[in-house]
Amino acid sequence: MSHPAARPLKGCPSPALKGLATVPGDKSISHRSLILGGMALGETWITGLLEAEDVLNTANAVRAFGASVVRQGPGAWKVSGTGVGGWRRPEDVLDFGNAGTGSRLMMGAMATTPVSAVFTGDASLRKRPMKRVLEPLTLFGTEYEAQPGGLMPLTVKGAVQAMPVTYHVPMASAQVKSAMLLAALNAPGTSRISQTTLTRDHTERMLKAFGANITVGPAEDGGEVISITGEAELKGIKIAVPRDPSSAAFPLVAALIVPGSEVTLTDVMLNPRRTGLFDTLKEMGADLEIRNAHDAGGEMVGDLVVRASQLKGIEVPPARVSDMIDEFPILSVAAAFAEGKTVMRGLEELRVKESDRLAAIIAGLRANGVTVEELPDGLIVHGMGVGGVPGGGSVVTHLDHRIAMSFLVMGFAAKSAVMVDDAAMIATSFPVFESLMKDLGAVFEAA
Ligand code: S3P
């Protein structure tokens, strides 16, 4: 799905944010629930699914490969899978809209089944590198044809006689790792996928829950090796999708930077590969408490209680980057309201997200009167303290939902409103963002 009609919107100086909010289900787990459900035998019952454009595109794709995917009620979905290797050829082109995760994981999921499929997406997705998934998939015997540079639209031809592989994922990417694990499911024998930097482990956890033979052990380089046995029989399960920490990040930072705020965000997932932002904000002096942490179906969840705080700039440890990879746009906004400099390095991967996020963050900060230094692999934000950010700028979002939400949040705490050129993309990951923020007291204005 693309957005021909851009919807400009302003985030305006707002009174103290107060109340309790519950953000929607986790995007990463929502995609994986549908895909693994579609590859399993029997029924997978999902509650709390994120019903956002990205995930709905994955639902359509899983259906196109022959699984039954039925919405039973709000967030409640039933998937009746075909069994591993049972996918058929989709009759139409698969349009993933803005969704890097949905498209790359589906390329892996079909790569070892002898069917072919055409993958496309919106103008943002068509610029994003797909070779990082397509090239390693050829080790299984998969073939592909893509636009120059390995871009969409592209065709993947699943291997007719798949082979097991040993592959080291060269960049910190959960999507590449996950695509390889999903492909290995229908290859005979044991595949070994390794990574140096640990990335979100939802695929591994969920594969175990679906009954795959998968083990994770240490690698010599300090990373890990995942061994997975193919020709697997996955069995449908029940999944309660925990709430998305990457969505919680927006009301959380809004409450920190709007003076007098106190907000509670309930039942947020606390998987350590996803909570780097919370650790970073605490180091910056955030009054952020985690209450009622408990295990909910294999993932830790808890309530975040957050009160407005004067943050101070810090150096974000590069080793933490992959545990907060999607949170740099909103952390940069928090840093603009901190005292002193915040240094963020090791952010090369930000260049290939929904937009060149490093460039988009820097341009957005500068447009709103914040001094920022660009580094080849990061940025240094010169904080202006609570109430010190002028705002008043217009931000180009480049079809990037997280750039849009981050700068709207900046507007709640800046001296003048901040305009984003397109808020429509927010629907790809957090369709209720505006209503949830308004309920806490945030002010928006149509621009
Ligand atoms: C995701 C992995 C990350 C992240 C994305 C979701 C996933 O991407 O940025 O939003 O669900 O596996 P990369 O694998 O490109 O780092």
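Using N, Cα and C of the backbone, Cβ positions are placed for all residues, glycine too.
Among LYS131, LYS208, LYS353, only LYS353 appears in TrEMBL as part of the 3-phosphoshikimate site alongside LYS27, SER28, ARG32, SER173, GLN175, ASP326.
Shown are the binding-site residues ARG128, ARG357; of these, the residue with the fewest other Cβ atoms within 10 Å is ARG128. When Cβ atoms from all protein chains are considered, those within 10 Å of ASP326 (3-phosphoshikimate binding site) total 23, not counting its own. Taking every pair among LYS27, GLY100, ARG128, GLN175, ARG357, ARG402, the residues recorded as binding phosphoenolpyruvate, the greatest CA to CA distance is 19 Å.
Rounded to a whole number, the C-alpha distance linking ARG402 (phosphoenolpyruvate binding site) with ASP326 (3-phosphoshikimate binding site) is 8 angstrom.
Within the same chain, residues at least 6 positions away in sequence whose Cβ sits under 8 Å from that of SER28 (3-phosphoshikimate binding site) are THR101, ALA174, ARG200, HIS202. Under 8 Å, Cβ to Cβ, and six or more positions away along its own chain, LYS27 (3-phosphoshikimate binding site) finds LEU50, ALA52, ASP54, VAL55, THR101, ASP244, SER246, SER247, SER429. With respect to their backbone Cα atoms, GLY100 (phosphoenolpyruvate binding site) and GLN175 (3-phosphoshikimate binding site) stand 8 Å from each other.
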